[in-house]
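What TrEMBL annotates here:
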{"type": "TRANSMEM", "residues": "12-33", "note": "transmembrane segment"}
{"type": "TRANSMEM", "residues": "53-73", "note": "transmembrane segment"}
{"type": "TRANSMEM", "residues": "80-97", "note": "transmembrane segment"}
{"type": "TRANSMEM", "residues": "156-179", "note": "transmembrane segment"}
{"type": "TRANSMEM", "residues": "191-213", "note": "transmembrane segment"}
{"type": "TRANSMEM", "residues": "238-259", "note": "transmembrane segment"}
{"type": "TRANSMEM", "residues": "271-294", "note": "transmembrane segment"}
{"type": "TRANSMEM", "residues": "300-320", "note": "transmembrane segment"}
Amino acid sequence: MGKALKFDSISFLFFAAFVFVFYGSFADDAFIVARYAENLMHGAGLVFNQGDAVNALTSPLHAFFMAGLAWLAGGSVRTYVLLAAVAVFGVAGWAAHRMFAFSPEKARLYQFLLLTFPPVAFWTLGGLETPILLVLILLICACAAQDGSVRGDMGILVLCALAGFTRYDMVLLLGPLVCAVLWRRKGNARVWGVAIFLAALFALWFAWCYWYYGDLLPTSFYNKNISKSSAGVLGKGMFYELSLGALLLLPLALALLLGRHRLAENEKLKSSVTGFNALMAGLLLYGAYGLFAGTVHMMYLYRLFVPIIPVLLWAALRYLPVAPKPLGYGLMGLVQLALVYGIDQHSLNFNLALLLPGGQDWYEFSRAGAGPSNKQANKVFAQQAQAIERHWQAQGRDTAVVPRMAVWTEGQPGYQLKNFYVYGPLVSYRHECRADYFKMAHYVQDIQYLPADAAPPQAKNAQGWELVTYDDMPIREWGGERKLIRVLWFFKQPELAHTLPARVHGACR
């Protein structure tokens, strides 16, 4: 077995082990996208609630991919994440050897560090757009590492456009690279023609969004507005980014301390630094944006930053003159396994703040015990949806009456109960109408954070609502204290008629 194949096998074994550990830890928002996709596939439009043109999608490309998957193979979030794992593993190895064609050993090191970094595996399986972006950024890095041909530069423009269509904030990371390509080809009609065509497609998409939804941006932009961030948020954001860098490079640093040797590099195969420098400029812009957005808008475990990890590792390794000895790879693997254990058993937002007094309260999700409760939550939400469906059928209501539920987690309940109208923070956001949608619902979800020995709930709550079902999910705080998250569903008569307008703009009905 050749040396390269041995390293590929080792990287695969670690990546596969992490996939096994994290499989099932789907983000709830993944099911928001899945409901949009299935409504589109069934002809109801790109909507969450039928009849409401409200855009809660942060990734258009992800939504269309999920719709295509549903149409081709009755696709699901589970199918998507397995395809994503295969794609990330396959592209990572190919891209690494393109980026480091001058040093096969450095390519293997890059591949190993990327595939064994636990947040990469976790968010590959999260069910969101992150693995699509990972694959696209890897392809972009691979193309940017080569001496640019006209065809290669056109490919970079297409890949950058796809990344921007996957998540709009990618313009910060990739904008400098696009500008560098256009400047390099300022007299080439083919390259500029491709750029103008892609820009026209984006203009058409935003025009369609404004016509269809009445707004250019998704509701999360308004619901989690980063412009209101404070100096405290900025400080926490800076610590969060430093924590990411430390966790990413800690295994390599320890391995180099254990033993290292100088790398042999083929200088003739080293490519132009234009693409590399452009991506470094984009990395600085994205890092500045991430100081505010990373802890406010993009959930836990570095999700905002996972797609830029290929660029971060490229920056760290390109000019590194040494590499770990073989024993160092074993040490790096052990460090990553320890990090996986910390994420899976202690905190989904595993970061250095957890080591500071009071730091466990700094970031979203850093308090709760993590992996098992996250997997259990998906099972609990699915089982509770079945109980609610049975309860509604037992009411003997007119079939013309659409049952309405108000939730904090819109994804799983909404995906499981496709015939229900769903109220939630993202899908029910309206600019002008701020009516209390909990009063419009038949079913209300309540999520409580309680001591481990909390008494069971009463058959009716303080408002007199009937308890339909509840489940307790035990968790362990970072300090070891046992707690539980209780998810309850109540049934009641709506106190208000449905008054939300069908689009984000408009007064209450």
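Glycine is treated like the rest: Cβ placed from N, Cα and C.
Against the transmembrane segment (238-259), the recorded stretches 80-97, 191-213, 271-294 differ in Cβ pairs under 8 Å, and the greatest number is found for 271-294.
At the 8 Å Cβ threshold, with sequence separation of at least 6, the transmembrane segment (271-294) lacks contact with the transmembrane segment (191-213), having fewer than 3 such pairs. By number of Cβ pairs under 8 Å, the transmembrane segment (191-213) is matched best by 156-179 from the list 12-33, 80-97, 156-179.
Residues of the same chain lying 6 or more positions beyond the ends of the transmembrane segment (156-179) and with a Cβ under 8 Å from any Cβ of it are 58-62, 129, 132-133, 136-137, 139-140, 143-144, 148, 191, 194-195, 198, 201-202, 205, 275, 278-279, 281-283, 285-286, 289, 293, 307-308, 311. Most Cβ pairs under 8 Å with the transmembrane segment (53-73) belong to 12-33, among the candidate stretches 12-33, 80-97, 300-320.
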